[in-house]
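Feature list (source: TrEMBL):
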- C:6-140: domain 'Na+/H+ antiporter MnhB subunit-related protein' (DOMAIN)
- C:12-31: transmembrane segment (TRANSMEM)
- C:37-55: transmembrane segment (TRANSMEM)
- C:76-99: transmembrane segment (TRANSMEM)
- C:123-147: transmembrane segment (TRANSMEM)
Amino acid sequence: MIAMIAHTLVLVGLVIAAALVFRFRDLLSAAIAFGVFSFLLSLEFYILQAPDVAIAEAGIGAGLTTAIYMVAIKGTERTEAEE
Amino acid sequence: MKQYIKAAVLLVLLAAFLVPTLSLDFGNPAETSLDDYFIRYGQEQTGGNNIVADVLMDFRGFDTLGEATVLLTAVLAVGLVFRRLHKEEEYEYE
Amino acid sequence: MSMSKIVRAAADIIFVFILTFGFYIVAHGHLTPGGGFQGGAVIATGFVLLIAAYGSRALLDRFGKEWFRSSEALGLLVFIGTAFVALFLGATFFANWLANGGLIFGEAVAFGPNPGDLNTGGVIPIMNIAVGIEVLGALSLIVLYMLSGTEEGA
């Protein structure tokens, strides 16, 4: 029962984080939301018994990709251009 | 009229993706002969306990070689894009 | 460019644990979940943490890009060299020429779930370490190149 609730919470959090990445105009906030998305995705991989993929996702998705996005935002502009 | 066509196309696409997904039988694959082989003989043939590592590094070493090549190419491309152009280093036409 | 003293002190402490965890994942790749790629990515995350806390200048003074570049090349060379040794021994390319041989990493394992022994696996631990060295160099280099491209004069 507890595992079921945790699994559902992780899935709902995944959808919310993905929607936030899409919604945010501030690209720094979007990058942080993407880091949260990657972290929840690695939790989901762990729940689905794929610890290999979970470690890779936590290291690359949550750690390195966020850092690379930060560097890219620092080199360009922080806010998304209005249409 | 146009948005009705759009909605219909979207619904058809959604059904086309959802119906196979929901009718799949997870955890019970149709063909398991290769999995059974790796699980049965992986430990004694390679000596590694982690079957994933056995497959990645031994049975399918070429896959890992390709992955390493992809990483090397990525580093080369990033270094090419982000190199600093000094005045004297700029390419000169003959 | 470096962050505040609190961030730097915390990064100093956490870096040690990240490095230990990464090397554990690489060294136990043939026994537990993980392997060269995952462990290398974790170690590279530790280096990126140092870059974020101290700035790329401080890290480059200590190591330099040459260090990461040669670690990447060394990993690839060890990986392909281990595969080529099998050719000289009369086996096929990428054959596991050390498994069950009694030499280094050559102990035989029993079938079924067991606690495992570090001294098993044949060429798998060697290739794990090679891929780990390569991935840690490559991923750190990507971040370092991007930083040097965006910082003016750095």
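One-based numbering along the chain as shown.
Quick reminder: no glycine exception, Cβ is built from N, Cα and C everywhere.
If you average pLDDT over the domain 'Na+/H+ antiporter MnhB subunit-related protein' (C:6-140) in this model, you get 87. When Cβ-Cβ distances below 8 Å are used as the criterion, the transmembrane segment (C:12-31) is approached by residues 38-40, 42-43, 45-46, 49-50, 116-118, 120-121, 124-125, 128-129, 132, 136 of the same chain, each at least six residues removed from its ends. For the domain 'Na+/H+ antiporter MnhB subunit-related protein' (C:6-140), the DSSP-based tally of helix, strand and coil residues reads 89 helix, 2 strand, 44 coil.
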